[in-house]
Every structure is written in C-alpha cells, then in structure tokens.
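Presented below is the structure to which this report refers.
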Amino acid sequence: MAKVRVYELAKEFGVESKVVMAKLQELGEFVRSASSTIEAPVVRKLTDAFQQGGGNGRSAGRPAAPKKAAPRPSAPSPAQAGPSQAAPAAGDRAAAPRPSAAPKAPAAQQPAAPSAPAPAPSQGPRPTPGPKPAPRPAPAAPEFTAPPAAPAAPSTPAPAPSGPKPGGARPGAPKPGGARPSGPGQDRGQQGGQGRPGGQRPGAPAQRPGGRPGGPRPGNNPFTSGGNAGMARPSAPRPQGGPRPGGPGGAPGGGPRPQGPGGQGGGPRPQAPGGNRPSPGSMPRPQGGGAGPRPGGGPRPNPGMMPQRPAAGPRPGPGGGGRGPGGAGRPGGGGGRPGGGGFAGRPGGGGGGRPGGGGGFAGRPGGGGGFGGGGGRPGFGGRPGGPGGRGGTQGAFGRPGGPARRGRKSKRQRRQEYEAMQAPSVGGVMLPRGNGETIRLSRGASLTDFAEKINANPASLVAVMMNLGEMVTATQSVSDETLHLLAGEMNYTVQIVSPEEEDRELLESFDLEFGEDEGSEEDLVVRPPVVTVMGHVDHGKTRLLDAIRKTNVIAGEAGGITQHIGAYQVATEVNDEERKITFIDTPGHEAFTAMRARGARSTDIAILVVAANDGVMPQTVEALNHAKAAEVPIVVAVNKIDVEGADPTKVRGQLTEYGLVAEEYGGDTMFVDISAKQGLHIDSLLEAVVLTADASLDLRANPVQDAQGISIESRLDRGRGAVATVLVQRGTLRVGDTMVVGDAYGRVRAMLDDNGNNVAEAGPSTPVQVLGLTNVPGAGDNFIVVEEDRTARQIAEKRAARERNAAFAKRTRRVSLEDLDKVLKAGEVQQLNLIIKGDASGSVEALESSLLQLDVGEEVDIRVLHRGVGAVTESDIDLAMGSDAIVIGFNVRAAGRAAQMAEREGVDVRYYSVIYQAIEEIEAALKGMLKPEYEEVELGTAEIREVFRSSKLGNIAGVLIRSGEVKRNTKARLLRDGKVIAENLNIEGLRRFKDDVTEIREGFEGGINLGNFNDIKVDDVIATYEMREKPRV
C-alpha cells in the first residue's frame, strides 16, 4: 500500500500538521516536514496514540441530542471521514428526519440476498469527530413496525444497528446537491466493528454462499489501528434515538423510511454490511424533490481511503424498498438493501453493487452500476467488479472507472515499443532508425533542421555528436561531412541540395520559373549573340574591344589590367548587313577565376585571345577549360602578330594539344590572326563570330515575357547608390519593374546603356546598368522580374538567410575532441583580421578568394571579418577597432570622418588599386606575424686539460680551444667519451690568465666556469653554441 504523508494524517485527525509532527517526535519517530511519508506501522502507532490521547484526534462517536438547525456550511468540512480516523462511519447516510407525510408501505417484499459472515467485532475507544454542523430540527418520529427480535450488542449505547463491513472505508466526495447534515442521529454504532443489534436480516441465510476466497479482509488495512479490525465506523445516533425504520425488504429491526413529498424518504439511510460508507455530506448527490440540502462536507479523497474489495455475492433482486414513491426502486435500478431502501439506480443504470444489497450510490443514466457496482459516472462508479462486488478507486478519485487489470496493448503501441528496441544507440542515446531514406538538406543546415526531418530530438543529436568526437550546438550550421557522418549512424542518407537546385525550389514556391522561354515558337525572335573575350593577362583582350568599339577603355584601368567585367553592345556590318554583338570583357589575372567562369556561363560564343609572341599561358588554359565546361563554341584570336617574335603557327600547334584544331589543319575551330593595336583583321574576327553563331547556335528569345537574366557586375556609386550591370537573357526589362537580384531587390528607377545614355527598356542580349536596388548584389546572381514588391522582398530575405548559413558553415572549423588541445592552444595561432571594401562586388570577391588562398604556415591565418562594396565608413573603422583588423580599400577611399576616426584611433587602413599589390603586401604581413624560428649554430669546442677547485666559484676548467671560438654567456654542452653528459649549460665565466675576457679563439688556453655545474673531468669536451634566428621562406 502507498505510504501516507504527515499532512494527510493531520487532515484525517482534524489537527494541524505540526501537532502530528510533535506527536511523532514524542513517539521517537523523526520526520523532516509535513510532506514526509511514514510507514504503515508508524501510522498504526500514531493512530493508537491519538486514540489514547483523545484531545488531539477525533473523539469516539457518542449519542447526542438533537440540536438547533445551523446554517449550512459552504464547503465540506475537513474534519469529516478519512480512511483511518474513528469518525462517523463513511457509509452512513443518516440525516435528520425531514418533515414528511405519513410513511408509505413498501410496494413488495424484497427477498434479501445472503450476507457474508461479519468479522469479529473489536471495540475500542476511537477519536470523536470535530465540530459538526448542526442539523435541521427533527420532526416527530414516525411510527414504525416492530422488526423481528434480534439480540442487541451489549455495549451499544445507540439503538441504531451497525454491522461491520467487509471492505475498508469508502471515500467520500461532495455531492452536487449539497451535503447532508451530519449531527445527532447519525451514529449508528459507537464502536468500530460492532454488530447491528438487529442481528441477521430477515429472509437471508446465516452465511453468504459463494464468498470469494482470498479476498481482502477488513482487518488487513495497515493504516488502521489494531482495535479497529472490523473497519466499521461509529455513527451518530439517529434523531430522538428512535429505532431504525424497518419494513418489508428493510433491515432487521427497522421499518420503512418515511417518505417526503417528493417521493424520497427523509429518514436516515440504512447501513449495509460490507464496510463503511462515505461520511455524511462527503458524497455529492443530485438534489431531488423533497430531499433537502445537506450541510457539512468531508476531505478530498486520497489513496488512504481506498476501499477493499470484498467477496462477491449474488445480485440483489430488483424492486427493493428504494427511495422512490412507495419505496419501490427507480426504473432499471436494483432494490435497496434489506432493512431500508438504498439509493436505487437511475433509469438505465445498473443497481447498486453492495454485497447482498440493492442500489447504493447508483450510476447516472446510461452508466454502469452504482458505487461498487459496474463502472458508472467517473467520480461515482467503482471498479466493475460485478454486482455485489466492492469497486476499485478509479471512480472514487475522479478517474474514469475501468478494469484494474492491465489492458491489452494496441498494435501501434507494440510496434512503437519494437521500433524503440531496434533503434540504434550511440553512447546510450536512443536514435530513430532509418531505412536508408534520403534526407534533403540545404548547405549549412543545423542539427535542428536535421532533427525536424527525422522527428528526433535535437539534444539527442548533439549528444551523439559529442560521442562521435564532434562538438556542435543544435542551432549551429554544420558542414556537409558532419551531416553525412551523423546520418550514417542512423541509417539515413543525406543529400545536400545544391544552391542552384535550392534556388529553383525557392522560386517554384512562388510559382516562378527561371531559365525557360514562355510562349510558343511564334513568340521567339532572333537576338544578338553574347560574346565573351577571354585569355591570359596582358594578351590584349581589352585592347581588342577598344579596337572594335573604337574607344580607349584600357587607359582607365589601373595598372593596365582589367579588374572588372565590362559589357558592351557593338553594331557592326557583316556582309553588308548590320548586326549587333554583345561583348563581355573578363579579367585575365589569375585572381579573377570566378569572374571568368561567370562570363563563360552567360555567353554564347567565347573569343580566346592568345598573344602570338607568348603562346599558351596558364590563364589561357583556364579560360579554355571554362569555355569547354560551359559548352560554348570558341573562336581563337591570335593577337600581336605585328610584334617581334610573333609565331601564329606555334600558337596553333600548342592549342592542338587542348583539343582546338584549326580549320586549315582539318578541325572545326576558326583561328583569326589580328593586331588589336594596329586594328588589323578586326572585321574578319567579327565575321567569324557571326558565322559561328549562325552555323551552330539557335539564338532566339521571347521579348514579351517578364525579364530574366544575370548580374555581370555591381558596385556602389556615391551618387546613385547600388548599381548593377545586368545582361537581359529573355524578356524585356522596363523602368518601373520590380526585380530581385540575388539577395537584393527593388524597383528599377533608371537604366543606362554602356555609353551612359538613359534607356526605357532593354530587350534580350542587352547589357544595361540598373539603379534602384536595396543593396549591392553579387556578381553572377540571376535576376527575375516579379509582380509584387512583397514577393521580391521575401525571395531576397530567404536567399540572404541561406547564404549566411552557408558562409557560417564554411567558416566554422570542425573541432573534434582529439583536436581539443590544439584548439585550446589557439592563442599560439596568430590571426590577421581583414575588412575588405572595394568598388565592385566582383573585385572584392576576387581579392578575398586570393587572400584566403595565401599559405605561409600553420601559425598564422587570415580571417575576413567583413567585405562590402563602397567607401570605407565609420562602422568599418569601429569593427576594425574592436577586432584589431586591417582595413583594405580596393579602388575606394575612406570618407572624411572615417579617415579622421581611423587616424585618431590608430586603425591601419591600406589602399590599393592593383590586385597583385594587395596580395603581395598581405602576404608580407603574414610572414611578419610568424614567430621567429631559431637554429643552433656551433661556435667552438674546448678540451679540458686541468680542473681547478675554488671555494668561491666551484670547479674551474682549464681548457684548450680546439676549434672556433668560445664566448662568454653562450650555451654549452659537456661531452665525455663522445656522450652528452649535460645540456643547456651557460659559459658564466671566461678568463685568460688573470684577465676576464669575452672570447677566446682557437689555439689559446683559458679558464671556463660553468656556474653551478661542477661535474667536470679532465679530457671532457665543452662544445659551445648559440641560437640564431632562421629566415622564414
């Protein structure tokens, strides 16, 4: 049985918790607080102590005269029935007689069910209840018929019979109709376990047949005292001490209950054998006509009030003396107990289930049996122990009635348990098991994202990663390798969604599609070819475009090299027909690999410029590979044929090795020898471009759809804001359109062509500069025109969040527990923090990638804190101050206040206009941050010829310098027979004759003092050396 707590016992005894704790200490039992639990033997001992004391507990019930009616209490009194107190019997439903008409005779004689043998009564003093609410004034006692003679208990002061009940006390709960009065006239027996005076019921056998063997006996409750073995509670005497009503079907010695006007008897309810019933006023009861409200109440039910289940008996016959008119039971309800009608069952409800009796507290309509019968309304019905059985506690304590036995598990429960048993466990953490399913995750996803896909707890995944040697948090972006490792442990397959595919899914969620021409074949019109000029640096790409456009762009480029992507549209005559060609100029420096790749992806034809005097160079091969990867046709322009040493034939032979075979050699690649500086053969090159486009490409687009294209370059203009150079690939872009470019969006405020002229619209294959974006987009980002600004904003924000996660996952280094020592020693690793600002996004990207590729050793590292397009601002200086960063301005300068702030705070701001100068200086700074490396340089050796002992200085070695020289305050080691005897010694004293000297050269003699080291012998060798800094490579 469950242990009870101190405050529960205090509530049962009707005293404060500190009184119970004090009594426990008197008994030698120590408890910590009122919430402490105590064992059953201690409960019995405590109950006996309160019974003997009498003052603190509830006194034994005694007859009381009727008192004047008192106001009805609003709540059940806490001093009512409990499981182990000697309060009035919980089963007694006695109440003051109500004013009623003359009693009616019961409709029929109810044959009584056989009763179970009552246990031996045990008498003893029991505590009396606390002050009870005064009952209503009792009316004149009705006339009763004399019952058959029965022997009365010798020590029973009240005439009300009270038989011991087989079960324990039943819990009481306030009934909805109000509490019934508890006062004089309620005690039906003073001592617990005392038999009824009426003896055996009429018509009932002496012993109940078929009692359940092995059932709990009344005296088995460990929370009752030894003197209360019968479990019967004392009851208050009935009003005016009158005899118990009896009649046909009633209890022995009592007549029928007087009936009220409403058809309900006003007399006290009869007591049935089988245990105590809830205390008066503790069980709620729907208020009916003629039944007055009952004052008083009881404590809330607790586990100590659980009744025992007695032996089952036969179901009582229907139609006993109920509370209905004429004593008959209600329709469908069982009869009352013999000796007085109980509360009969409601319509549709089963009868009461007390042993040998009819309706107890009956179930609601449609419910099961009453209190102790079949499962009735929750809170009333007991355990469905069958008719005549004492129910469990499910109904009594607000739980739905149901079988006590363990229900059969459903298939779903069994399957879940089986899957839990089969789930993988890593380090004691249970994980869901996959069946090889493919989980799609974006790059830079966190463990929380992964857990949502597989319905797992993110904290479990963090614990598993710790067991696998990886330290990550639940919301931290993790690398692809980490996700694959974790998924493999749970039998899942992780598919990292590429940025292109993720972007396509994002657009599809807004019913947008990029890269497809809308409409039918009739809507497609011919568009100009897009040609990208590629090649090695200084091979003449920009000069060629100048010659075609008849301009001088190269004069404006710093250092004479192109560091931006330029897009131009040129109208030329080919075969007496004017044709437009769009040219894209890409940088040739090795730092602009990504820029060249973007140019190749957005083009139709690639012109590979190769200098005739240099031949094929590294960036030539790289540009060639980009063009092949983009699957675009290539036209080779052999430039600088007019310079000394030019050999176009050599160039053709070199390119043959890379799969470009000239037409004159039987291939399909067109080679054109030109001189951009002199303007030679430019027309032939343009003709070759047009012929290649017409022969191998279908250049058509739909000009009436919403514009789509690619951002070639972008920058932050001081007067215009964000300016993006875009190439329209399909559709027509107009001023006023809402467009989203990467993570930037906005409404097109103005458009400029390559000559700086305002244009109202741009068709397919037209490069324009767009003004009106919220921020500077990245080079190579796709743009698309949408209908609403809200859609553009949502797409841009989601793209920005995705890029942040991917960048964080890229920057985050995997830290394993094995490498934790190295990480904790991170102070030894020097970091060069950089803030990069440039004039164009492509240049900033190229500079960042080139700097991050610098590798000068593991002791130093580069960390780019921030990169952006535009001038150096005060916020950049603030960031540099907080992180000791160097600000790099690439083709931009610091604004007025930002420059003053940088000078005042000592922030290092460096300006560059050529990319390779920036790379060289940053590399030199990294090498300067390296810790110096030292190497050992041998100075000389000295042979000990004599050992001189000095009380002041110790042993002094008289030596002959064999090689090199010996200097004072240098390091030395002592060798004996070729073995090192001592390391890291210091030459503390050096003398030649009696003079202190700083060095002794080869062939001279002298004296050497090695400080505190005195273990020197003749013929030992002293080798001296010094540590010199080694230059870093």
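Cβ atoms are placed via backbone N, Cα and C, with glycine included.
Asp538 (GTP binding site) carries neither a helix nor a strand DSSP state and counts as coil. Feature annotation from Swiss-Prot assigns GTP binding site to 535-542, 585-589, 639-642; the stated evidence is sequence analysis.
Annotation comment: Swiss-Prot describes 59-113 (among others) as compositional bias 'Low complexity'.
Per Swiss-Prot, compositional bias 'Pro residues' is recorded for 114-140 (among others).
Annotated compositional bias 'Pro residues' per Swiss-Prot: 148-164 (among others), in sequence order.
Look at Swiss-Prot and you will find 171-189 (among others) tagged as compositional bias 'Low complexity'.
Residues or ranges marked as compositional bias 'Gly residues' by Swiss-Prot: 190-201 (among others).
What Swiss-Prot records for 236-246 (among others) is compositional bias 'Pro residues'.
Per Swiss-Prot, compositional bias 'Gly residues' is recorded for 247-268 (among others).
Under the heading compositional bias 'Low complexity', Swiss-Prot lists 305-314 (among others).
Taken from Swiss-Prot, the feature compositional bias 'Gly residues' applies to 318-401 (among others).
The compositional bias 'Basic residues' annotation in Swiss-Prot covers 405-414.
Per Swiss-Prot, domain 'tr-type G' is recorded for 526-698.
Annotation source Swiss-Prot lists region 'Disordered' at 49-432.
Per Swiss-Prot, the feature region 'G1' maps to 535-542.
Annotation source Swiss-Prot lists region 'G2' at 560-564.
What Swiss-Prot lists as region 'G3' is 585-588, and the listing cites similarity to another entry.
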Neighbouring C-beta atoms (10 Å sphere around the C-beta of Gly535 (GTP binding site)): 28
Cβ-Cβ neighbours of Ile641 (GTP binding site) (radius 10 Å): 19
Local confidence of the prediction over the region 'G3' (585-588), expressed as mean pLDDT: 64
Fewest Cβ neighbours within 10 Å, where candidates are the binding-site residues Asp538, Lys541: Asp538
